[in-house]
Amino acid sequence: MSCHVVFTDSREYAESASINNRAPFKESTQVGGCCVTGSFPSSNMAWTKYQLFLAGLMLTTGSINTLSAKWADMFSAKGCHGNPEHSFSHPFVQAVGMFLGEFSCLAVFYILLFHDKRSPEPRMNVGQSFNPLLFFPPAMCDMTATSIMYVALNMTSASSFQMLRGAVIIFTGLLSVAFLGRRLAPSQWLGIFITILGLVVVGLADFVSGHRDDSHKITDVITGDLLIIMAQIIVSVQMVLEEKFVYKHDVHPLRAVGTEGLFGFVVLSLLLIPMYFIHVGDFSDNPRQVLEDALDAFCQIGYKPLILLALLGNTVSIAFFNFAGISVTKEISATTRMVLDSLRTLVIWVVSLALGWEKFHGLQVLGFLVLLTGTALYNGLHRPLLARIPWCATRMNLDDEGSDAERERLLNEGRVPASEDT
């Protein structure tokens, strides 16, 4: 799931800033396929227990999300009509489960809204009225990209899957220049270039390790890696659509995630019907060799209930991951969310090694570090260090002013009055 989240309900932060003589600041960053923007106060205070809980929840559930999906792929069980035992290869069924988890964010939104309305002083900003169909095109991009990535996860390792998703900043940066008229900073161009190098290193690591790994054929590994990168192009299109048409609307982030999850869940569930009859030959691992055999998936779950546990882990974790990620951005900062998302890749890789799902390869470590450097540069993690240098601090202030003017221009292009949104 990727999204564009905008926080505007920052009264408590503004009040805190005025009390402590701190000026609020705006922050925008690229987080695991999610562009997040918010207004927060600059603060050097230590984290509270609640903030630590949110950070831990995001890191844990984000890791479980990928690991549980890979765990489901590793099961084998009998299918329908007496079919012999075969691997659980049902990426589209898994994608439906993930969208169900995102859809649950809509329920969380209305629960929070109900609780807020009953409080003496409601503080929740529900946003303006909007046409839900506004989220349909981004949701279809999300559905397509997610389905492709689950297909790819069957072919490659969980750690490579997570690392290669970093390619999203390359295509998002290029598309934002082409279609949004954005001007990228030199550090962002450098970050994109370094990310490309990181992808090459990770791909090389998969190619080398593929000859030593019996669990995946080398052709499957390469195909899986290419599918992941292809999916990131679609994710980038989704993010540009969201920024161009959704960003100007003040929509609560949980409501945005839940609405896209609703569209994805309904449409993909309906598509499972024609997929049951579309033959794709050796590309599919199910006995009937169709694009997706949902009935076979349910039969395998019946024979091996542990598969259901893995699927539920994927569904529940994506719901908590979205909630925790949004809360981390609001309570701490978008940069913290980006750092935690990068740590998630490390956790997935370490757990995969510990469980024996993968073998250690030095090139993967190098690839991870290069990707981390590229992502950090693109998202401006170097800025706090450069801010200590007077000349660099002045240049950064000028860049910030230009960025604010550009954001205002994007907002003013096609801004729709609230009365026309309903």
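Note that Cβ sites are derived from N, Cα and C of the backbone, with glycine treated the same way.
So that you can see what the record holds, here are the features copied from TrEMBL:
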- 52-72: transmembrane segment (TRANSMEM)
- 92-113: transmembrane segment (TRANSMEM)
- 133-152: transmembrane segment (TRANSMEM)
- 164-182: transmembrane segment (TRANSMEM)
- 189-209: transmembrane segment (TRANSMEM)
- 221-241: transmembrane segment (TRANSMEM)
- 262-281: transmembrane segment (TRANSMEM)
- 301-326: transmembrane segment (TRANSMEM)
- 338-357: transmembrane segment (TRANSMEM)
- 363-381: transmembrane segment (TRANSMEM)
Beyond a gap of at least 6 residues from its ends, the CB atoms lying under 8 Å from the transmembrane segment (189-209) belong to 156-157, 160, 163-164, 166-167, 169-170, 173-174, 218, 221-222, 225, 229, 359, 361, 363-364, 366-379
Distal contacts, the transmembrane segment (301-326) - CB-CB under 8 A, six or more residues away: 1, 5, 31, 34, 54, 57-58, 61-62, 64-65, 68-69, 71-72, 75-79, 88, 93-94, 97-98, 100-102, 104-105, 108, 253-254, 257, 337, 341
Check the transmembrane segment (52-72) against each of 133-152, 221-241, 262-281, 338-357 and return whichever range has the most CB pairs under 8 Å. 338-357
Is the count of Cβ pairs under 8 Å between the transmembrane segment (262-281) and the transmembrane segment (363-381), pairs 6 or more apart in sequence, 3 or more? no
